[in-house]
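Heads up, the thing below is written out as structure tokens.
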Amino acid sequence: MAEEQAYHVNKGLECIKALRARPLDPLVVEEALAAWVETSEGQTLDRMSSDEAEADHQDISKPCFPAAGPGKSSMSRCHDQGLGGSNSCDEELGAFIGDSSMHSTEVQHYHVYDHSGEKVEGVEDADSILVQSGADDGVEVWGGDEESENSDVDSGEPDPEGSAPADWGSSPISPATRASDVETVEGDEIQKLLEDQSRIRKMTKAGKTLVVPPIPSQERPTASEKPIKKGHRREIDLIWNDGRVFIDRWCNPTCSKVTVGTVRAKCICGECPRVCEQCITDSGIENRIWYHNLADIPE
């Protein structure tokens, strides 16, 4: 199909090139237009039959379309026939312009022909394949052709392999009740499902009741529920100076952040003791300056 289309396109381009090389005589065009006006005025609707249109198209399709196939080479009749001869394409194009069916607003009938000029069989059958657009309600879909419908196989009986018969048809449903029925059914089923789930939750079985512990309250603990007081951690700092090492030991509250350097931190939780067994004997414990963080330490 693609080769035939390419073949016709090439031949059409050859005709266009020939017309550009030798344009039509203006007198021929005027005579063709005058003849068309005379025929169109006296024409009636009864003369616009399909047989006449088919005959007109047969006469038109002969000049510029050669009888050779896509694989054969042939010269178009649109070329000149010598210096003294007349251009046959001019006369035929004038007849083509004079065809009133090309300017008619009525429905045109088109026919397909092969390269020999004969009508292609089976082309008109393609019109019956077209499906009319419209509502799809009440339309049944049937599979297979006439031979399959008239076959001896009964669609109602299961096949030898045991598969169940399938109904490929569709029952007509009115559009007015289709959407409402679906919504009603879905609503009833959902409501019934919710009621069943609620009834199951209320039913308790012996020995299978799930006991969920209560959520702990966010209230502050009482005096009896206070946690154990936090203690101290021992920290050591080593300082080297001219081959000598100075060791500094101290305690910091456990709740304080561990930092680099000699930092005497301050309790931030309010529950750590001031001294412990390790730092109670440290010298200058009463005069020690407690810092909360490094920013509080003077330089």
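Every residue gets a Cβ built from N, Cα and C, even glycine.
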Among ranges 80-104, 205-229, whichever one Swiss-Prot labels region 'Disordered': 205-229
Identity of the Zn(2+) 2-site residue among Cys255, Cys279 (reference: Cys267, Cys269, Cys272, source: Swiss-Prot): Cys255
Listed binding-site residues His232, Cys276, Cys279, filtered to Cα within 10 Å of Cys255 (Zn(2+) 2 binding site): His232
Cα-Cα distance linking Cys279 (Zn(2+) 1 binding site) and Cys272 (Zn(2+) 2 binding site), given in Å to the nearest integer: 13
Count of other CB atoms lying within 10 Å of the CB belonging to Cys267 (Zn(2+) 2 binding site): 18
